[in-house]
Amino acid sequence: MYGIEYTTILTILISIILLNYILKTITNTMDYIIFRFLLLIALISPFVRTQNYGMYLPITGSLDAVYTNSTSGEPFLTSTLCLYYPAEAKNEISDDEWENTLSQLFLTKGWPIGSVYFKDYNDINTFSVNPQLYCDYNVVLMRYDNTSELDASELADLILNEWLCNPMDISLYYYQQSSESNKWISMGTDCTVKVCPLNTQTLGIGCKTTDVNTFEIVASSEKLVITDVVNGVNHKINISINTCTIRNCNKLGPRENVAIIQVGGPNALDITADPTTVPQVQRIMRINWKKWWQVFYTVVDYINQVIQVMSKRSRSLDAAAFYYRI
């Protein structure tokens, strides 16, 4: 009886020792294989020219630093281009293969198939509030509208620059602008903005805080308003809240990887009057407005010149944003 129990225990112990030996052998073998594999990769990696995918970055159109390709210097072979256009263009062209056609044409300019993306938008006002700019280079086509020239220039200011915005509760609080880069941005179907500057005793300067009819009107019945008032002075604000919203925004700097192409119009819109736009320059292209196919053909022809004055996936407070017209 006892002999059987001892034999069973001995068998279990031998099995455990044998299993432990097998596991150690497998571990040592795997370590040897992995070490050899990593050594081989380390030895041949300097001789292989491939895209470095070691860093994943969610691209929103604006980063604080430039991330360049570490293994290849060809700008177009390792870059992506997004072309944003109004939905009316696709409706006018009415061709299911038009994007493929344009991709083939971009290929003749050095952009590989699959590196150019086409994205439509229905409303430029909505698009400009929070533009989703996914590519290394982003080109926005904006149709000129002579009924909203001021709105268009302010839309361009929103798209070409990075803004940090917060909602405002004008029914409870007074607000002041702290610097030239601090603006109040109102947007809606009908924005009428009135302001009343206040002294240190919170009494109106040239207006009565209890009577909005005495407030200064800075914008009337507009879709987009970028309001600039005297810095360091509290203001009581009144807007048409049913048709308009207002936000307190700070301009962080230009989106260097974004360009706007103005489609049509007798004159190019000027967004450089704002002292926060540095340097005071704009770059302009011109062709006569005809049809959307003509517009896209021109974009293909000049795309490389446009790209050369942009910066890949970057934003710098010391560099210019760029505005084009065709």
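Cβ coordinates come from backbone N, Cα and C, glycine included.
In the disulfide annotation of Swiss-Prot, Cys135 is paired with Cys82 out of the candidates Cys82, Cys191. Cα distances from Cys135 (disulfide bond) to the recorded positions Cys165, Gln177, Cys207, Cys249, Asp301 are smallest for Asp301. Asn146 (N-linked glycosylation site) sits 27 Å from Asp301 (Ca(2+) 2 binding site), taking the Cα positions as reference. Between the candidate recorded positions, Asn146, Gln177, Thr214, Asn238, the densest Cβ environment within 10 Å is the one around Gln177.
Annotation note: Val229 (Ca(2+) 2 binding site) sits in a coil segment as assigned by DSSP. Comparing C-alpha positions, Cys207 (disulfide bond) sits nearest to Glu216 among the binding-site residues Asp95, Glu216, Val229.
The recorded positions Cys82, Asp95, Gly206, Cys249 include none with a CA atom within 10 A of the CA of Val229 (Ca(2+) 2 binding site).
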